[in-house]
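Got a structure for you, questions after.
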Amino acid sequence: MTSELIGFALLFGTAVGLAVLTGRYLSRVFRNEPSVLDGLAPVERLLFRLIGVDPTQPMPWAQYLGAVAVTSVVWVVLAVTLLMTQTQIPVWNQGGISPMDWTLALNTAISFLTSTNLQHYSGESGATYFSQLFVLTFLQFMSAATSLTVGVALVRSLRAESGASPGNFYGDLVRSLTRVLLPLSLLVAIGLVFAGVPMTFAPYDTIQTLQGDLVSVARGPVAAMLPIKHLGSNGGGFFGTNTAHPFENPGMATYCLHLITVFLLPMAFVCFVGYYLNRRKLGVIIFTLMTGCWLLLTIPIMQQEWAGNPAISALGIDQSAGSLEGKEMRFGTLASAFWCGVNVVIPAGALTSMHDSYTSLSGVFMLLGMQIDAFYGGVGTGFMYLFLYIIIAIFIGSLMIGRTPELLGKKVGQTEIQLAVGVIVAQPLIYLGLTAVAVLIVSRAPDGGVALGWLGNRTAGPNGYHGFTTMLYEYVSSVAGNGSGFESLGDNTPFWNLTTALAMLLGRFIPIVGTLLIGAQLYQKPFIPSSSGTLPTESYTFGALLFIVIVIIGALCFFPALAIGPIAEFLTQPR
């Protein structure tokens, strides 16, 4: 156990070191300062000519938001069309895979557009090689680039100078791809290939097992999809079992590479904030807060899984190696739990183990990580969510000392506070409202919902709490853009496909619109030098206040649902 903990610390330290360097690089890229990849400028100019865009032409905020919306609609329409007709494309359908029905195609397209990657299908049996590469991987790049671009626009609004434009969306989008995501993905892909991850267009293989059965073994261009899966906080796997599959994650070398890749850009964006605004202490405070809160969520998951499942202990089964149900033996309990803690706080949602098999209290911390969604978070979007809490903390702190709320020299007014509160409240309203609809339908079904195929067991009796948690988790994961799930849910039905698609759209675009509107308000305000009456944001006292605000809001919004789900399950399970 000690050696594993040391390994986790070294892995985290490596990720932090790389993130600091990457954050400095991001600052140079989005300030249009000289950087190591300036040789790609001719390629970028060619792309701008092809799409008819002048990247030096600033956009008003309304036009910027319009560009985000238009590109998103275009990608969804194209993706749905290709997924519904994937068998009509006469290349790279080596598995003889059928087309998706319209509800699944719509859910999948929205899922990858929003970086959620919920995947109500199994990759090796539900999507062709063509769809995996030219639809799903393409959307993973575009969603990550959009998140990074929008995050940069928000940070620009916090600069000292006033203005009316967040920049040019298309210019930042292309630079996000050519200067950041594509080069990093290429480096990671090379590492994965050397570590044993397949990269082939050969058809599925047929092998004979030791007991004489003939089975079809899926393979494909796996290494091309995995880098952006993690770099972009996407999480969608080439295979149905995600990163637990040995072709996606052959051993501890790829385990470490995957996790460093998951950490890299969300951490780097926090460093970017400090470098870009020339407020490195603010970046350090935010990074410290995020790291501390991540540990407060991850350590209990690891402790709960190492202690074992009480229901299994009651059967007299030895659990000296922890709760191994649903875990990959090549990783074990602690490595699986550590991975889980990382991938629920950072909304990649990639899996090396079955979250449905974790203990009930582990489920509490998984849900909290996704519900708050501000500790590292996704590429760019993690800071967006924390920014909303910062606005509220500044408002509360300024009221306590009798001062006008200010953020980095810009006055925070009524509009900004209303928008921040509205976005934060909207998220629990979405997933709690949709969960209530699902519970109502199941409770009205005479057989407890079994005939609906939604749950793997009856929702009545002792399994009712876990059934509720399963449905709650599906919607929380959708709204938070995480994409992981309790897979006892039979989710490939029109109801789940359409309702989770709605949850993903609202969970993605309400925060983007809300934070950019706040940014537009702040950007237009004159800079006011700080005085003795200003609430200092670059202090650990403010960091503590921000933590308290997050805890209080989290308790008010999330505890009731947790109490009738995983907490109730814990209190009623045998010991």
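Cβ atoms here come from the backbone N, Cα and C positions, even for glycine.
In TrEMBL, annotation is done automatically, which means it is predicted and not curated.
These figures come from a predicted structure and were not determined experimentally.
Okay, these came from TrEMBL:
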TRANSMEM  6-26  transmembrane segment
TRANSMEM  64-84  transmembrane segment
TRANSMEM  133-155  transmembrane segment
TRANSMEM  176-197  transmembrane segment
TRANSMEM  252-277  transmembrane segment
TRANSMEM  284-302  transmembrane segment
TRANSMEM  331-351  transmembrane segment
TRANSMEM  382-401  transmembrane segment
TRANSMEM  421-442  transmembrane segment
TRANSMEM  501-523  transmembrane segment
TRANSMEM  544-568  transmembrane segment
Give the nonlocal contacts of the transmembrane segment (382-401) in its own chain as ranges (CB under 8 Å, at least six residues past its ends).
150-151, 154-155, 266, 269-270, 273, 286, 290, 346, 372-376, 407, 412, 416-417, 420-421, 423-424, 511-512, 514-515, 518, 533, 535, 537, 542, 545-546, 549-550, 553
Under 8 Å between C-beta atoms and at least six residues away from its ends: which parts of the chain pack against the transmembrane segment (501-523)?
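Non-local partners: 61, 64-65, 68-69, 72, 106-107, 110-111, 113-116, 118, 150, 153-154, 156-159, 162-164, 166, 381, 384-385, 387-388, 391, 407, 410, 412-413, 415-416, 419-420, 422-423, 426-427, 430-431, 434, 475, 478-481.
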What residues elsewhere in the chain lie close to the transmembrane segment (421-442), defined as a C-beta under 8 angstroms and at least 6 residues from its ends?
371, 373, 388-389, 392, 448-449, 452, 454-455, 459, 467-468, 471-472, 475-476, 478-480, 495, 499, 502-503, 506-507, 510-511, 514-515, 553, 557-558, 561
Looking at 6-26, 133-155, 284-302, 544-568, which one has the highest count of Cβ pairs under 8 angstroms to the transmembrane segment (252-277)?
6-26
Same chain only, please: residues at least 6 beyond the ends of the transmembrane segment (544-568) with a C-beta under 8 Å from a C-beta of the stretch. Say none if there are none.
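Beyond its ends, the transmembrane segment (544-568) has Cβ neighbours at 289, 292-293, 360-361, 363-364, 367-368, 371-372, 374, 389-390, 392-393, 396-397, 424-425, 428, 432, 435, 465-466, 468-469, 472.
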Take the transmembrane segment (6-26) and find every residue of the same chain, 6 or more past its ends, with a Cβ under 8 Å from one of its Cβ atoms.
35-36, 180, 256, 259-260, 263-265, 267-272, 274-276, 283, 334, 338
